[in-house]
Amino acid sequence: MPSHSRSRDRYRGRDESEPERDRRHYSRRRYRETDYEDDELDDDDYDRRRRYRRDDVYRRSRGQSRGYESHEYHEDDANEYDLAGEDPAVPLRRSRGDERERSAGAYDDYDSPRRRDRHRDGDRRRRHRAYEAEGSPPRGAPDHRRHRSRDDRRERAYESEREARRHRRRERGREAAAAKHQSSDSTNSGSHLLSADALAKLRSEYDKEDRSRAKADAKAEKKQRRKRPVVADQPRRLDPFPEETPRGQSKGRIVSGAYLEEGRSPEMKVRHRGGGGGGGAGSKWRDEGASDSDMDGAEGGTPFWKKKKTWIAVGVVVVLLAIIIPVAVVVSKKNNEKKSDSTTDDTTPRNSNLDGISRDSIPDYAKGTVLDPWTWYDTMGFNVTFTNETVGGLSIMGLNSTWDDSTRPNDNVPPLNEPFPYGSQPIRGVNLGGWLSIEPFIVPSLFESYSSVDGVVDEWTLCQKLGDSAASRIERHYATFITEQDFADIRDAGLDHVRIQFSYWAVTTYDGDQYVPKISWRYLLRAIEYCRKYGLRVKLDPHGIPGSQNGWNHSGRQGPIGWLNGTDGQLNRKRSLEMHDQLSQFFAQDRYKNIVTIYGLVNEPMMLSLPVEDVLDWSTEATKLIQKNGITAYVTVHDGFLNLSKWKQMLKTRPDRMFLDTHQYTIFNTAQIVMKHTEKIKLVCNDWHSMIQQINTTSAGWGPTICGEWSQADTDCTKYLNNVGRGTRWEGTFSLTDSTAYCPTAKSGPSCSCSSANADPSQYSDQYKKFLKTYAEAQMSAFETAQGWFYWTWHTESAPQWSYKTAWKNGFMPQKAYAPDFKCGDDVPDFGDLPENY
């Protein structure tokens, strides 16, 4: 193993080998006997040694070449390795007196350095001939390695001596010139000498000559390293060009650890970007510290074989592009044709109807407001002609002045301009939840990027966190989450009603509110026009009213109830009535009489916490106000989560044309979520069927009743369903104090898991799809014994058991809502080996 170079300096004489000491002794003797002023002798010796190394050096393999440990020194560099073999007691330069004494004497021919060098070179040639005559020892044999190593050391010593002599010769010349300039002797007077500028120019020429010689030496050395012996008795040949290095294999070489530590291995390379002598088509590998002209190849250019590879690569790329580009164009055209066949493009804003409209048509006072169509994310389907007209204080901007109510969704339903036979024909509708009133479990993408530290759990905190970007981000959600295509699909699924959620900030906001104001209003109006286009009737549903009616995230703000309760309870009561005053004036227009056929007061007021009488009084007052303003639609009041049997005695003296709205789920009740698949279907067809049928009558119940929300979800596994960051009853992670899992196999096993319920619907088994479809059809059958139903909800990002659209397209919802395969009274089908914990 090579010795660490610094160790050789530090421990000289203790760990060096006998050949090393011989080399140092020989070097000292050479320093004493050499005439440092004999320039011609130095050059002759150097040239002779170069020829010797080139022509007669021992045959070595490439891996043993001395080039792996050799490196260039600049002639002016002071390097510790150059001095390693010298005796500190022997001065590098003799005094002037010694030099004059030596120059005065004459050398004997036998003792002259030239004679000794000739004898030494002759001895070496004779030794080489003797080795060749006897046959070279095997590669790696001990004596071969020892002789080669000793010669290598001596050759390196010669090179070091030559560099040192040249350095000292130059210094002596400079000192002599300086001494002459300083002399007062007329012989040495400055008037007989060159000027300082001339001397500087002369030194510059010397330096240039030295650099040129050093560069030539480096090039010769590099060429020497590329040679290798083939066999002992055959001439040398150039190494073949390197083959492609396998990927992952290092291109580096093993060198002295000291050299690597110093960063001075001759094979260490760095990569330079672009440029450089060969044309810069790609990055070039250069020796560290080398200039561009030192690259492989003549005069810094790229070798032919590399150029050939480059041209081949360029040709391949050109051929591939010639194939790929036409294919891409064809595919792009096909995709564009497919997109043009659809009614909407869900990903990009559609603003083509602004073409031909001048920005100057918008008054200065309206520019940059909700009345300025150039600020709208999506203008398709809107009338972008400016108007500041309002009805009930609410803008009609975006509406067309004409409409057509002759459409119907299917042949089972009368057109819009004919009355719908409520009471004799059931409603088959769907909700647009999570759209204009945002809910985390329906659109989790709006909430997933925040941590629990951010506290983003509802629309209030979302808008607060978004800050100035809230309006643009939320309008993009409005424009893309529900589009015209959704209304066409709702019609095609056999549905005939749509329950549209919106909140009070569509109408107005108050000091301190974080919500985005009024933008959702125009999307509500456009949605109604899309419903008109496809013959769908509308139920309006205020999901969030001032102060929050239940404190849940879908009311806008999760937390305490501030409506009819708390410090601002009465203020928010007044505000909510003002909201209905404006809304009822607007929707009492003739254009809405045939399409807005059901008008909701408030979604899910928490009557288990609020004073029941206060809620009933507000409901009566609001209904009278609405009807006074001209609303002829049915007005709905929610059951407030009270037992339906209690409603038999409530609001018995109420205004006409009112519906009771109830929401039925099995997953939020721990006694029902643990039921097995067949038991849940029997619960719906036996208990719910009779309950809904009874409450729908005025004699034994309350009167006309609809089911405004239900789903086919049989677990509460959906992300964020129980609030952001809350667990599930199904797996026992819902309660902070109770880890009981509520699923059919919780006690007997296997353990409950949400992985199956939350899987992609394409992975649902046929048995599970059969259950989900039967479970949905059973609920349809039960709710159709009253006024009908609205499924919750039409579209979700990732909750298939809550999305009518996903179920319909994946085969676990009837293809036509009016033509189910199962109804209560039929035999419950066998679900095979469907696991109960699925």
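Cβ atoms are placed via backbone N, Cα and C, with glycine included.
For 1-23, 111-124, 149-164, 200-221, 234-246, the entry in Swiss-Prot reads compositional bias 'Basic and acidic residues'. For 1-310, the entry in Swiss-Prot reads topological domain 'Cytoplasmic'. Annotation comment: Swiss-Prot describes 1-298, 335-359 as region 'Disordered'. As annotated by Swiss-Prot, compositional bias 'Acidic residues' applies to 35-45. Residues or ranges marked as transmembrane segment in Swiss-Prot: 311-331. Summarising the annotation, Swiss-Prot assigns topological domain 'Extracellular' to 332-838 and lists sequence analysis as the type of evidence. Per Swiss-Prot, N-linked glycosylation site is recorded for N383, N388, N400, N553, N565, N643, N696. Here Swiss-Prot flags E604 as active site, proton donor. Summarising the annotation, Swiss-Prot assigns active site, nucleophile to E709 and lists similarity to another entry as the type of evidence.
When the recorded positions N383, N388, N553, N643, E709 are compared by Cα distance to N696 (N-linked glycosylation site), the shortest distance belongs to N643. Along the topological domain 'Extracellular' (332-838), the predicted structure has mean pLDDT 95. Ranked by how many other Cβ atoms sit within 10 Å of their Cβ, the glycosylation sites N383, N400, N643, N696 place N643 at the bottom. Closest by Cα distance to N553 (N-linked glycosylation site), from the recorded positions N383, N565, E604, N643, E709, is E604.
Per Cα geometry, N643 is the residue among the recorded positions N383, N400, N643, E709 nearest to N565 (N-linked glycosylation site). With respect to their backbone Cα atoms, N400 (N-linked glycosylation site) and N388 (N-linked glycosylation site) stand 14 Å from each other. Set side by side, the glycosylation sites N388, N553, N565 differ in how many other CB atoms lie within 10 angstroms of their CB, and the most is found at N553. DSSP gives N643 (N-linked glycosylation site) a coil state; it is part of no helix or strand. Other Cβ atoms within 10 Å of the Cβ of E604 (active site, proton donor) number 20 in total over all chains. Its Cβ placed at the centre, E709 (active site, nucleophile) has 22 other Cβ atoms within 10 Å. Cα separation, N643 (N-linked glycosylation site) to E604 (active site, proton donor), rounded: 14 Å. Considering only the recorded positions N383, N388, E709, the residue whose Cα is spatially closest to the Cα of the residue listed as 'active site, proton donor' is E709.
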